[in-house]
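Engineer: Can you keep this structure in mind? I'll have questions shortly.
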């Protein structure tokens, strides 16, 4: 019996019993057989029976043996009755189409941004009518006057988008566990004669990773009859072996600001409790060879690489690092993943909490502090940037040098032109022409003549007695 299960059925069975669901089909079959042989419990038998019944709803011999005879006869007579067939079937091209039945015990996961007010259509399986790959399934429901008034009087989140909506949700047909929203291939949703917008694919920045499609509820409110008239929804889907269910709900839609307000009022961890948790983490363990004396925590949000505004984390995570609550809710409002940005583990809204101790630290520290360290007694200290510490160290170690006067000369106005007086020296007149020294037989003159000097003209001398042909005189 277990050997006839599909891979998805085997994975569901193993996951329900706390076993690993990874591996090839032959590994899953062997693991499931060992589980049946070693753990013979009522819960296991119930799961196997539900999976087998959903896989073979009409050909289950061992289920028929356990069904009372009266029920079996009544079922066969109802199936063979022409009256029941004519009343309970819809005809498409001369072929009778069975009425979709509610999927057995299919439960959809609650969504933080959607509060279910009423169920308009319970989870109902999409049944293929033929062997075609593209199938059409219809859902029919009506709105009561009270429900229609709720939609009309609801406030607007954005122009044309109301806070009370009728949404359509799809998921896998699986009676074990809570199901997340999952679109079938080639999905299209049409209300009466108008097609609704279905979220498309998000491109992936990673090479080799296929684009991901956010499977969120489809808002069908703008195309509904807000009266006693019947609303008809047609779901087009690809029939490729997997089973899907559809449901319709009346919901109240929340924004990221609404969830943030709930988080501030209902889920804030006190600073004292945070200190106790830090002390527990840093408590000395005699069996450990390494003693931890401190834990560093960054004040920069890993989502946007900016300083934290409202530090938030998940109660089930082991790390102390936080992320910004506002940015986290806004990102999940646009692209719901609900994954911790620090450790990539699930981060559902109901497990989020605001760190009261880190909130106080952010208020007490300046903007240039990007990291702190928690100590064993629950206290903390700021950690400055290495470059800033190097700059402070250089300032503290810089020696004080005396001021040196680079102009030791005293300028004096002397008759005949400027003169400079060295400290304690004689006055030198810079306006004297070098020719006067030569004429007066000064030390700078040369009385000897050579043949070259007689044949060639004398070089042109500048004001300060240097060759004009070599250096331009000022």
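Using the three backbone atoms N, Cα and C, a Cβ is placed for every residue, glycine included.
Predicted automatically and left uncurated, TrEMBL annotations should be read as such.
Okay, so TrEMBL annotates it like this:
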COMPBIAS  420-434  compositional bias 'Low complexity'
COMPBIAS  435-454  compositional bias 'Acidic residues'
COMPBIAS  464-474  compositional bias 'Basic and acidic residues'
DOMAIN    2-36  domain 'SAP'
DOMAIN    94-254  domain 'PINIT'
DOMAIN    286-371  domain 'SP-RING-type'
REGION    420-474  region 'Disordered'
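Have a look at these and tell me how they're positioned relative to everything else.
Structural biologist: Averaged over the domain 'SAP' (2-36), the predicted model has a pLDDT of 74.
When the domain 'SP-RING-type' (286-371) is classified with DSSP, helix, strand and coil residues number 22 helix, 20 strand, 44 coil.
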Engineer: DSSP-wise, what's the residue breakdown of the domain 'SAP' (2-36) into helix, strand and coil?
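Structural biologist: Reading the DSSP string over the domain 'SAP' (2-36) gives 25 helix, 0 strand, 10 coil.
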